[in-house]
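Let me begin by presenting the structure, written as structure tokens, before commenting on it.
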Amino acid sequence: MTVTTRFAPSPTGHLHVGNVRTALHNWLWARKHGGRFLLRIDDTDVERSKEDYVAGIRADLAWLGLDIDAEERQSARFALYEAEFEKLKAAGRVYACYETPDELEVRRKILLSRGLPPVYERKPADAPVPEGVAPHWRFRLDHDAPIEWTDLIRGPQHFEPTTMSDPVVRRADGSWLYLLPSVIDDIAMGISHVVRGEDHVSNTAAQVQMFAALGASPPAFAHEALLVGTEGKLSKRLGSLGMASLREQGIEPIALAALLARLGTSDPVEPVTDLAPLVASIDFARFGRAPARFDEAELALLNQKILHHIDHAAVADRLPAAIDEARWKAIRPNLTTVAEAADWLPVFDGPFVPTATEAADRPVLRAAAKAALDIDWSADPWHALTAAVKEATGAKGRALFLPLRRALTGRDHGPDMAELLPLIAKEAAIARLTSAGGS
């Protein structure tokens, strides 16, 4: 059996961190098992589906590095749904219903007021059919067939169909709801594993019987705990936190993937620089049922750690041309986003205005300007410079290093000066030291 997973978003909005996590886990599982990862655009809602959102979905997956093996569109498969629907109708597994939404709501409230579950009550076969009313269609659950499956995350699952309403699968206008087309496509596309949020568990219960009614075995299911915010609650922000927003914040795609791959497990989140370790470690048996906490502060910190190790080639297309590999390696330990690299261009190439210096520091700076004239800039100039200044002035520790850093970079903190100074032209460094030292 070829492991085949699918990510099936509706193109009615932008992706957010919750459904991106689902896409990632489907992709990781397929790649771990040498299988296929499909993108299925669930665009049965023709009115609300937009091509701009489809393009955005593709772009977001590409940004994350999640390559797809095939793309399908539900809107191109209506003929297949119609044919399978007719088979179910002939077998008595779908039936027409004529209640209005208001009538159904009244019935629901009555049942709840009696302390009863609001389960849809089937009408007798000989119930009169109202004239001029187009029916909607429900799937008839088999009340004599308990629904069971072993979830890869939640373990054994059991549902009694007598406690469930027959689900609506087709509206009165002929349009399709989610449940039945999804099952038909999963069968036709050979989906072996369905990985999705735990809010789909009740859908799965109904779909298990749909698979059987269509003569197919259901795939394996893995229902993930939903993402919550740092306070342990569902967050509107998480529902709207899209990839564009994260890109604007300077989040690296591998940082987001590294965090989302491990959320919900007890495994540590590690600052990996490619997807391979995440592929190797994906294991649904390690996922728990407790809500998975998504912390933007944790993501930002992870992003920073990853930047400290990421290769120049991985970010070169987003760097100023003047930030070559040597400069990148020097400054990356001090960056929180790639965009901050541009802030270091004046340090390397100017124009540069040194910070005001204190009188007590000027002897150190004048000695440094003089010593720099005779230093070989290609052979560890920082250690040669500090040694010469220390010998000439007796300065050491903070009194030696901080004035030099300020004069050369205009900052109190930053990269290792032993790595940074060789990347500043000798003439520029001498000019800065001379200016800061005064007369």
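The backbone N, Cα and C atoms fix where each Cβ goes, and this holds for glycine too.
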Per Swiss-Prot record, range annotated motif ''KMSKS' region' [choices 73-77, 233-237, 263-267, 308-312]:
233-237
Residues flagged as motif ''HIGH' region' in Swiss-Prot, choosing from 9-19, 405-415:
9-19
DSSP-derived helix, strand and coil totals, residue by residue, for the motif ''HIGH' region' (9-19):
3 helix, 1 strand, 7 coil
Where does the mean pLDDT land for the motif ''KMSKS' region' (233-237)?
65
